[in-house]
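Enquirer: Quick one: the structure is below, and I'll ask about it shortly.
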């Protein structure tokens, strides 16, 4: 029952979170900092009350290790959200972040000296080709949709190129954080909920450096059109409603993933997250009418087939089926 409930949380929370994030980014593309701050604050307060027991519960993992992890986590979150302000469309944003397997494999080879099968290298190749196709086609769209002025076109392309660089940096940093987290869990045991709290609580002072941008967007949010909240009937600026729903759905999403990691095998978690990304992508394209050419569809197909190949889902399905057949024969 709990795994099914967790899958429901992941799909409901993560998919709806993407919707509210795009609603925010379409109106104010540079609102990533206020969105990140709100998410961090909400999860930190919840964790302080229920996980840290108002600060009375000492962490199982020393805080100095969390300081390193938090620095990477904060950087990844801010850079990923800020990339939306650099001519990066939401579908490309989601596809690019699906390339985490590439970054994990590269850093795993370099840092952990891991070696992989030909099957896994092939899957990573498919993901790489898929991301390249989507990135290349998005580059053509950026230049064609910009002004007829050659200077404006070059400026739009330059900002887009900077956005791609930001996404690439965040992808590699996220993979490095995953490896660091893996070594900590091996040494101190798994404490995912504790890590969730410290990863969101410790970076909060860092938002002081972004206070000016956060304040400016708070003022813009206050000036947005009024919206009557359902059920309670109170009117509020619609951008604050979008932000509130984004924060709540982000929390639901993270909680769902946490339950999955404690109840299911890592393969199941990977498959659920991959399918969630695919559903979010399709919904974003159809509902928001984002530009998506047949080449984008081909690149997306490569990314998700490569991801499924990497998890060796077919081999595991075959193993499970064989085991079930053996059990039937025994009975």
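Note that the numbers count up from 1, one per residue, in the order the chain is shown.
Yeah, the Cβs are placed from backbone N, Cα and C, and that goes for glycine too.
Below are the features listed in TrEMBL for this protein:
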type: TRANSMEM; residues: 32-52; note: transmembrane segment
type: TRANSMEM; residues: 64-83; note: transmembrane segment
type: TRANSMEM; residues: 95-112; note: transmembrane segment
type: TRANSMEM; residues: 119-138; note: transmembrane segment
type: TRANSMEM; residues: 158-175; note: transmembrane segment
type: TRANSMEM; residues: 196-215; note: transmembrane segment
type: TRANSMEM; residues: 227-245; note: transmembrane segment
type: TRANSMEM; residues: 257-275; note: transmembrane segment
type: TRANSMEM; residues: 295-314; note: transmembrane segment
Enquirer: Counting only pairs 6 or more apart in sequence, are there at least 3 Cβ pairs under 8 Å between the transmembrane segment (196-215) and the transmembrane segment (32-52)?
Expert: yes
Enquirer: With an 8 Å cut-off on Cβ pairs and a sequence gap of 6 or more, do the transmembrane segment (64-83) and the transmembrane segment (119-138) reach 3 or more such pairs?
Expert: no
